[in-house]
Amino acid sequence: MKKKNLKKAVKIGIDIDNVISDSYPAYLDKFNIQYKTDIKIHQISEFYYLNKIIEENKNIPGRKIVNFIDELVLDEEFQLNLPPIDDSVRVINNWVSKGYKIHYVTARPVEVREITIKWLEKHGYWVKGAELDLFNSRKGFSSDAEYKADIAVKHKICVFIEDALEIALKMPIPVLLFDRPWNKFKAKKNLIRISSWKEIEDTLPKVLK
Ligand SMILES: [Mg+2]
């Protein structure tokens, strides 16, 4: 009997916001203008920073702040203008040329699927065979972390690139954690902290071994 080729396809899971799209600074600029604050990006010490702002600003109703951010999430012009992160498109296209599969997994709501694809196309990320999953609140996941872990298992993703420590820690697979002001905690075993796409490119072969 002929031996089957059991070589596993390399599938790379990639988060979008703050991993390939430089989103946080753009949201922060809008926020600072709207609420006349001067919060700097290095001050964003936790991923769910919005909750902290709401807690600390009793003079602004929390609901109002959440709505303001939700409107930006749905705002096509704002979304399409988010800048890509240096070098990421080159690395991703290089992986595709090696036969790797790209699966974008974002906690953005399913309502912005079209806008997200437009952005991915605009900057060259919508590569051959790419897949995209967005958060569907009707599917009953208790958190974005649980949803991403579920996608990773279901789609046999080998490694995930993420910026939220809360999500990375829930991942049952190796994670390359993009170094950000909001994830400066001690990394666990399945996490490898990286600070650029060049570093991701250089580190990946070791993770896939
Ligand atoms: Mg992210």
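Count begins at 1; order follows the chain as displayed.
Cβ coordinates come from backbone N, Cα and C, glycine included.
Among the features that TrEMBL reports, active site, nucleophile is placed at Asp15. The active site, proton donor feature in TrEMBL is assigned to Asp17.
Look at the Cβ of each of the active-site residues Asp15, Asp17 and count the other Cβ atoms within 10 Å; the largest number goes with Asp15. In the three-state DSSP scheme, Asp15 (active site, nucleophile) is classed as coil.
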